[in-house]
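Taking it in order: structure first as structure tokens, then the write-up.
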Amino acid sequence: MFEKNNKNLNLGEIFLKITMCFAFFSVLFIFFSIIFYIILNGIRFVSLKFVFNIYSEYFAENKGILPMIINTLYILILSLVFVIPLGVCSAIYLTQYARDGILTKIINIAIDMLSGVPSIIYGLFGLAVFCNFFKLGTSILSGCLTMILCSLSVVIKSSSETLKSVPVTYKKAAEALGASKLKIILTVILPSSFSGIITSIILASSRIMGETSALIYTTGMGYKMPKNIFSHIFKSGRTLTLHLYQCAKQSNTPDAYNIAFGTALVILILVFILNFLLILIERNKF
């Protein structure tokens, strides 16, 4: 009887392992197929001239994406400057200071709901509030404010889960040594949660760089090279993803297909570089 049960258990384990391996390699195959397809179609068009040249809809020789790269980095950096401190500080308050009551539960539910809201809703909100109500128009600033709202919940949620995972014994030991709550947060909890906080920043950065629908209503489709880095924030400027969307729409235009895949490849490279730099920071390489 025991031998029969062991045999059934072994068969179940084998079936489970086969199922998990199949699922893992299926996801891996799909992922690398997409990457390979983008590289295969984009590498033929990507060059130094393509990356560092300006763009013009009227001149075939000017099909560079440098203004779009600048706009993308502009929105990414400005958004992260506000998202990181606001998100991390909110997570610290919710996990270390706020009482575990009804209000805290409502706030956590609201954060979860905001994480699942379609980005186009944020775009419509940004259009109504930032572009029209505050008279900012379709500009880089409107896009930045929209992306702050769009990615803030990601940082708060991910950072909160990381802060909660810090062992209670660490805090108890610090309290036994007479450390204040603020000192415990700064010297014990945050260093222990640094890896998870970096992960939340990676998630937020990837969402900002890959966003299209939230920006299509707020930043506009301007493609001119910035003349002044400070005043450019009040002007329209398309990002790489918006440029990809625009080129994909113009499928009948010569080279639009190649430009779209070339832009997609540049986006992948930028996301990879950004994630690599953040991982290096996480491992204290800098």
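Every residue number used here counts from 1 along the chain in the order it is shown.
Here the Cβ of each residue, glycine as well, is placed from N, Cα and C on the backbone.
TrEMBL labels come from automatic prediction, so no person has curated them.
The domain 'ABC transmembrane type-1' annotation in TrEMBL covers 69-278.
Here TrEMBL flags 21-40 (among others) as transmembrane segment.
TrEMBL lists 73-94 (among others) with the feature transmembrane segment.
Here the transmembrane segment (106-130) has long-range neighbours at 94, 98, 136, 141-143, 145-146, 149-150, 152-154, 156-157, 160, 211-218, meaning same-chain residues at least 6 beyond its ends whose C-beta is under 8 angstroms from one of its own. Positions annotated as transmembrane segment by TrEMBL: 106-130 (among others).
Tertiary neighbourhood of the transmembrane segment (136-156): same-chain residues 71, 74-75, 78-79, 82-84, 86-88, 90-91, 94, 111-112, 114-115, 119, 122-123, 125-127, 130, 200-201, 203-204, 207-208, 211, 214-215, 217-220, 232-237, 239, selected by CB-CB distance under 8 Å and a gap of 6+ residues from either end. If you look up TrEMBL, you'll see 136-156 (among others) marked as transmembrane segment.
Positions annotated as transmembrane segment by TrEMBL: 184-204 (among others).
Packing against the transmembrane segment (259-281) from elsewhere in the chain are residues 35, 38-39, 41-43, 45-46, 50-51, 63, 65, 68-69, 72, 76, 198, 201-202, 205-206, 209-210, 240-241, 243-244, 247-248: each is 6 or more residues past its ends and has a CB under 8 Å from a CB in it. TrEMBL lists 259-281 (among others) with the feature transmembrane segment.
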(message) Counting only residues 6 or more past its boundaries, what in the same chain has a CB within less than 8 Å of a CB in the transmembrane segment (184-204)?
(response) 79-80, 83-84, 87-88, 92, 96, 151, 154-155, 157-159, 161-163, 165-167, 170-171, 174-175, 274-275, 278-279, 281-282
